[in-house]
Amino acid sequence: MIFEQLEKCDYEQLIFCQDKNSGLKAIIAIHDTTLGPALGGTRMWTYENEQQAIIDAIRLSRAMTYKAAASGLNLGGGKAVIIGDPNKDKSEELFRAFGRYIQGLNGRYITAEDVGTNEADMDLIHQETAFVTGVSPAFGSGGNPSPVTAYGVYRGMKAAALEAFGSDSLQGKTIAVQGVGNVAYHLCGYLHEEGANLIVTDINPAHVERAVEKYGAQAVGIDEIYSVNCDIFSPCALGGVINDETIPQLKAKVIAGSANNQLQENRHGDKIAELGLVYAPDYVINAGGLINVADELLGYNRERAMKKVETIYDTIHRVFKIAKRDQIPSYLAADRLAEERIASVKRSRNTFLLNERHLLNRGR
Ligand SMILES: NC(=O)C1=CN([C@@H]2O[C@H](COP(=O)(O)OP(=O)(O)OC[C@H]3O[C@@H](n4cnc5c(N)ncnc54)[C@H](O)[C@@H]3O)[C@@H](O)[C@H]2O)C=CC1
Ligand SMILES: CC(C)CC(=O)C(=O)O
């Protein structure tokens, strides 16, 4: 059953990590390491059951392969999930135990923050392994990548606005933001600064209040967000929100947000394209955080990272061009961009290279 699932999208490895003392139950999924080590955040979430956690880990890890490839990074795709309540179940013991599992993979997987984890958690993992990014800036890192992800989403949203409205200005545009957590709070800052009108929702009332107070956003109920009158719908909470139930409710012309795996199924990407909606593919528009943490591997330079994040505007534009050229929905155009890069790197490695583990090295 599990191998069947892994084979479907050609996953490399699935690792189950258990530590009775700390209560750790984690899954690390490595999808593809053609381009380099698998880098992707660790999500901590109260999954309904183990199957849900496995599905989340593998779907998210595959998206990371595509995200890195489409962003021009030399990284593969991986992701981890910890089964637990981030408000109740965190401890030093748990994150250190998890860090030791990551260390055991010897660099095949590098972690960072995701929903439910933060910089302090990464610092604990860092006690046990160097294969972690997004740790405190005191360690020479870029810190929590969320504000940088937000900047990338802002840039990508402007490119999508250009496609839909003929201008990339967001001034006077009404933007409905679902989930105003780490990424979207900063995104709202950029949008407010440019003169956009914000409508927000969140299951956490404190997060809604923060956006209302700081950016004059209008708050709506969690189920209302799909049907509000707006120009842009920005999903910034969890995945699967573009589906049979929500598509008929949408009044927006553009979908552009930070959430991973926004389309419940690929056919929903086909449907929104048929309806003429402009969809900025999730893993292209939300690559800012990955670009930021990837820069840490070179010795972190904020200016260099932000310059690269700015190019998300051009990548989104390129995706729309491929979609038009090949007459396909934008989500497929993004896949094409990523897959072509992975295939071309594979081809470029056809020639033999002597490495330390090769037979020819024996006896040296
Ligand atoms: N943090 C980062 O740098 C990156 C994040 N992402 C993705 O962006 C999304 C948001 O990430 P973060 O801001 O870091 O997470 P977060 O946990 O800080 O924010 C998510 C927000 O959504 C809210 N939420 C959850 N379910 C909801 C629902 N049904 N309706 C309304 N609100 C709901 C939560 O209360 C929270 O405020 C996630 O899907 C994440 O995987 C993607 C790339 C990078
Ligand atoms: C380091 C994270 C920002 C990368 C990640 O897990 C993601 O982009 O979803």
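Positions of Cβ are set from backbone N, Cα and C atoms, glycine also.
Unlike curated records, TrEMBL annotations are generated automatically.
What TrEMBL says about this protein:
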{"type": "ACT_SITE", "residues": "K79", "note": "active site, proton donor/acceptor"}
{"type": "BINDING", "residues": "G179, V180, G181, N182, V183, A184", "note": "NAD(+) binding site"}
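Compute the center of the Cβ atoms of G179, V180, G181, N182, V183, A184, which mark the site for NAD(+); besides them, the chain residues with Cβ within 8 Å of that center are S146, V177, Y185, L187, D202, H207, C236, A237, S258.
In three-state terms derived from DSSP, the residue listed as 'active site, proton donor/acceptor' belongs to an extended strand segment. For the pair formed by G181 (NAD(+) binding site) and the residue listed as 'active site, proton donor/acceptor', distance between Cα atoms is given as 20 Å, rounded to the nearest Å. Ranked by how many other Cβ atoms sit within 10 Å of their Cβ, the binding-site residues G179, V180, N182, V183, A184 place N182 at the bottom. When the recorded positions K79, G181 are scored by other C-beta atoms within 10 Å, K79 scores highest. The two recorded residues, A184 (NAD(+) binding site) and K79 (active site, proton donor/acceptor), have Cα atoms 21 Å apart. Each residue contributes its Cα atom, and for V183 (NAD(+) binding site) and the residue listed as 'active site, proton donor/acceptor' those atoms are 18 Å apart.
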